[in-house]
């Protein structure tokens, strides 16, 4: 039937299809089996290669870190060479396997891995083939990376070992050389003699030899630095020195440090010994103080003194401190010029400078080449000059002088006067001025010498150099706190006063300067009074003091030119004590030498004339024993210090004349002790009031001088710029510096309590150098 035929055809077609499927299945199975056999032959060698490369990488890592020893490093280099030969021999096999894997992958490429389907549990043959190809590809990549890494590490480690071996050989050679050099240097050190066994004269030679030896050690210093740098570089490369090499390096560093320390200590000891015992030392001055005091030296060579008992230090020598304390006894002298002169006289005698002549001092100055007055001297140079000065004094006078004590105290005084800040430096002009003012020579010779120090080769001096000289000289009373009574530190009025004798010329001659100095100018009157005090010490006047009844009168004798047969000793006159009817403002004549008959007749005639003169005459014609000077601003004011003092004395005299009760005392006051106490208290109050008024007047005068200097300084600073020659720049700046110093000095004198260590007078009465 037709249906049967159709069914039969369908069955035949299905049978044919089935047979085709079976054939394809058998063919695919055969291909899969062949693929599996081929891939299996690749996977096993690749895995073996991966395992072998991993093992060799671990073996290579086990050789690190290297030890810092040449023998060990050499063995490591030999072992690495054998290791690299083994790796190199394995290379052809690895390359062939990798090439086979590459050929296999080119025949059986694979696609990128897709997301696996979790629902399908069976994997198709196609996917299986791609998975196998992907696995072979991964193995080949891992093997290739391990091979490249291993070969690169072998090369790097070979270079590292070679570099390390070179550095270790360099370190070893450097340490051997350093050890030999250190042995030689230490043998030289062993030959050093103890410092105490060396001669003082040989100290400079030993110092120079030690310095040369220290310079010769400079290459060794570079070698030690090189060895330490190499060891540091090895440590950075993770190569640590062996115990033997580390111990050797540490020993070299220790020996080098000890050698450096010993050389530095040796040099320091030699320099200290040369400083303390050599020609320029101050060791011999240590005997100037006694226990518990010790003389020490600051870094700038300035001495200071340690009291170990009180655990204190001070700049002043103990004897100088005692001397300053004794000067306080002279503060009851009313007249500043005499108070200052007598203080300086005590200092002069304590320093033994009164026995030194100016000629001797000039010889010492010439020997030490102090002729350039602008030269700056240090403390050692000052000590040398003073030592030579006192040694020369011993030779010339044939007396025994405590040279260390005199030198130390003179140095102390010079530093107090010219270097109160203890900088350790002073100008040669300052040193020569101090010695010249205090030496035992006629005052005229002193003025001549001082003028020659600031005069030009032609013997002429201008205002600037004269101002410098007077500024140096005024430092002497300034150190005693007496500068205000001599015009202060402002020397310009004195310079102008002196140049009134120059006949209008810009320079002054020595004769004109001496003519001015002979008038005893206010700024230099203390030097003339010092000369008279020195002469009057040995003089006796065969007469009796009208106040204390002393006979004979020793020292100064003051004869009244108002009353007959009234003489006053220096103690009563200078301290202000007077008898009834003898007031200090009366005309008085001073004698520091025994009087002659002609002088007696002259004074008798003068006294007779004064008997017929009124009080108003003496008020209008006050006596002055010095040449007064005025500052710039003082010219506009008639109220000077001396005029204020004279006005105060006149007021006291008129008050005493109008009130006999206060002047001489009434009978009632004599009988009433209480009234005597009131009168005494009133007298003390008046004296205190007058001292305060005088001090106020002096402060006002200081204020005027400060205003004058500030005005001049402002003009100097604000003046238009003008080109100056090199030799004019320094004087200009020095003038400004002097002005500034003067202003600061004025301020210090205006507030004396801030100068704790300086001696000040309890009052500043008007000074007098009456003749």
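Cβ from N, Cα, C; glycine included.
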Candidate ranges 658-688, 689-719; TrEMBL annotation coiled coil resolves to 689-719
With DSSP as the yardstick, break the domain 'ZZ-type' (540-596) down into helix, strand and coil residue counts.
6 helix, 15 strand, 36 coil
For the coiled coil (689-719), provide the mean pLDDT of the predicted model.
75
